[in-house]
């Protein structure tokens, strides 16, 4: 007989044992392979979600800047690519029915036509008609809307002039559009999740026609007429590009996405070539009278990037240049006689003594204003409530000089050179405030007006509604004006000279005085060469300017959104590793069980091994035969387990879609195995099983031939060791744990943070729990070492003495059960429910009651009566007015970005950024970790040094966002937009713990305004208020601020949504770990079976002298229950002690019922599994066994 035949015959003869080992291997292979397949499936599902979300859109450009719609037609590249113009905004949608208003905020609102609709996966849904809207299923369910219903879409009304500049429109900020629902997109249709930010959760999305949104938002094309000679092109703020617009996405999505990325430089180059001044809100205004061209912006203020390009163009063409800044001031008065004043005049900052065509001034008396003597800090009197503050004027020698035109000096103020004047003007504060400042200046010169450069009315850019008004009364007032202050002289000057400046300051001083985050110039003038006509010079300067402008600096650049989405689909969390971790106890239990079962099988064949040795087999060759036999079983089990891995993975995917959907927030997951994962699962489980088999064989190599032939299962060397060591360890651990608990209770151990948001007090309780676990196991060992059990019954005493026979085996088995129980109970007990927590300033809720998002940012302070009035909030009911007075809202500026919370499975680059006001920074609050300062919020206002010449801004982030999504910690930096080409960096200077800020980064409002000047208003709010009126407050806010798409939820619920992921992970670990513990109890039963088989002769003798089989069976059950119960009780008690501080907190959410059922199931399964040992004990043959002895 060959070795192979011998192995085959052995496999068949001992099929029961081999089958048990095979099943153990199959379990391990199924769990390992299944976990890897889960990772593959999640990634594949995220990739498919990306493809469904984007359809044929490969690259896109979207932002706050509106370009001309026909830019999409002018843009061309050689490849088969096309652009679709659209409007992409965030708004609110509401529906009123039966006196109830249902609202949903932060809705992605798209204005589309056939060009974009054809690129999306729309299924059978047709493009809506004018004043119709298509809702996705999420919006329809929130609004309880159906086809044919009317909904109101609230959007921010675009403003050419920045809202938070002096002349910006802060009153009409929102537009409500009534639309009829024409269709509802089901969840399974890709267009229903269309957007540029990756995420697996379906966002709220609605589609209207492009023409409808353009007409309602003032973005439609306007033809030139005799009454209105200025034509306006139709505008959009988004362009979506496709490489192959006619072909649907297929298996080559990576290739298409990479091709789009490769074409991106060409696409952006074509964009730059196609841009016109209209796209950039720029115009070149020729001034033939004085011989120059003025570059102006419809935004009124030229952006720094435009100014830099204009300077470069002028230098390239060799043209003279003159920058100008004008500002509307409230009053210019004679400091000696304040009754002599001019109201609502224009002041201009210029460079004096320039050559023609920009100068020089023709002075009636005096000279140009000198610069550098006095800055804003001196001679300044300001007030935040609109009234000038009283302040002693500085010394006469310290005043800044200014120049007046002759009309202001002679006709209105009656001043001469050397006299002093005061100037009052508004500055732009926060939340719509316009604090008034007053400054004192000295007159250095008076210039002629008629026929001179000082009479150039085009120094002030044309502004519709103001510069074209016939009188002050006809102005479209940018702020509340007191027209009673307007004098006849003011009206006469306006009729003759319009907005021609009356007062001139040095340019650099004016830029400091009239600061704006949007820019420092209102126009940029260049000379017209003598050899060129006005038309030629205009065209030449236009071409050179567009060549010098970098569109990216103005927010105009395409992004490879599909490639970004596919890369993000790799995920922030490796679900393969996660489920391997969740299944750790299951894998470990399977490995131990394999070793125990194989060893049990070998122990039953010790005489066979002895016989092989006796007929000439060496120890190694006999061992190799058994190893070959084990390898065959392992390979078969691995193959079966690999197939079973598909079922295990399907079950896990099903669980993620149903039981554990809180962990991923989507049901759009599907099974997607890869051969590599199956192979890794097979190889990994086989290697693990072979190691277990080798461990099972190791002990028998030490047995002698006589011991093998006699059927001995262990060496004659006996275990030794006194009980003193175990008793000492038990007592020492117990005393140490008691000291830690006592020290914490009396305050010797402080309740301050140690690390990661964990306090020293919590840490001491956890260590005390670990010590209790150690003491429990050591106590069991000491008790067993005494060689006697409880004196209550001889049967129990007999069971205890049986456990002593293999004390080390019994203690190790119990320790494994206790350790697994400790981990499972500790994990389950760590669940939290923040909805049960009360608002507390130093907690994750920061003491706030509500979190609100406004789809249209609020320009005014909702806390004040004046702000509410300007927001259109009418509180006729005294009860509502009283309720509103009891809230305190803290507004944050917001730059929308990726969702970087643990609710998003996609990998994120830059999350949403919030700008905290100075008021919020002064208030402070929230729990921090790894943050050194005692006043952490002040770190946001601490300047940081540049890195590689790029500015660095301090930010806070939540610990889960930073560690889980961004892989960053305190001190790390985030390069924006990328590490390869950073424009600026964000440095983490503080880390929240379990806060409502998860998924965002928080910076100071000053840093925010510097980085994102175009984003105005406040769109994110934390609100304090009475907790017992939470529901009423929420309803009142949403109702009164419905035109702004105001959406409110309790802070506790928001944190609960974040913690749902953590709690779901804990539940998953509890479920899979519980399965592992159940499998581990089967291992305990195998140990019991081994003990019975090793004591067969003793059991036979006991039966021979009169012990009934029932009493012997009960003794075996008691022994098993003793070890199993000890492990379960020790692990549970130790875990509960470890988490005692958490358990007594208000947010603890221990699943007592499921945990108790799990532990009961473990005990019952362990007891039932021990029946095999009972059966072996009862069926022990008396005569045959005693004869063998």
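Using the three backbone atoms N, Cα and C, a Cβ is placed for every residue, glycine included.
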Given ranges 811-830, 831-850, 851-870, the stretch to which TrEMBL attaches the annotation transmembrane segment: 811-830
Among ranges 503-526, 527-550, 551-574, 575-598, whichever one TrEMBL labels transmembrane segment: 575-598
Stretch carrying transmembrane segment according to TrEMBL (options 473-496, 761-784, 785-808): 761-784
Contact ranking winner - 20-39, 575-598, 630-656, 676-697, 761-784 against the transmembrane segment (1114-1137), Cβ under 8 Å: 761-784
Stretch among 20-39, 575-598, 728-749, 811-830 sharing the most Cβ pairs under 8 Å with the transmembrane segment (676-697): 20-39
Distant-in-sequence neighbours of the transmembrane segment (630-656), which means Cβ under 8 A and at least six residues beyond its ends: 7, 11, 18, 21-38, 41-42, 579, 598, 663-664, 669-671, 673, 678, 681-682, 685-686, 689-690, 693, 696-697, 1068
For the transmembrane segment (761-784), distant same-chain residues with Cβ under 8 A (at least six beyond the ends): 723, 726-727, 729-731, 733-734, 736-738, 740-741, 743-744, 749-751, 754, 800, 803-804, 807, 810-811, 814-815, 818-819, 822, 826, 1126, 1129-1131, 1133-1142
PLDDT averaged over the residues of the domain 'ABC3 transporter permease C-terminal' (1073-1181): 72
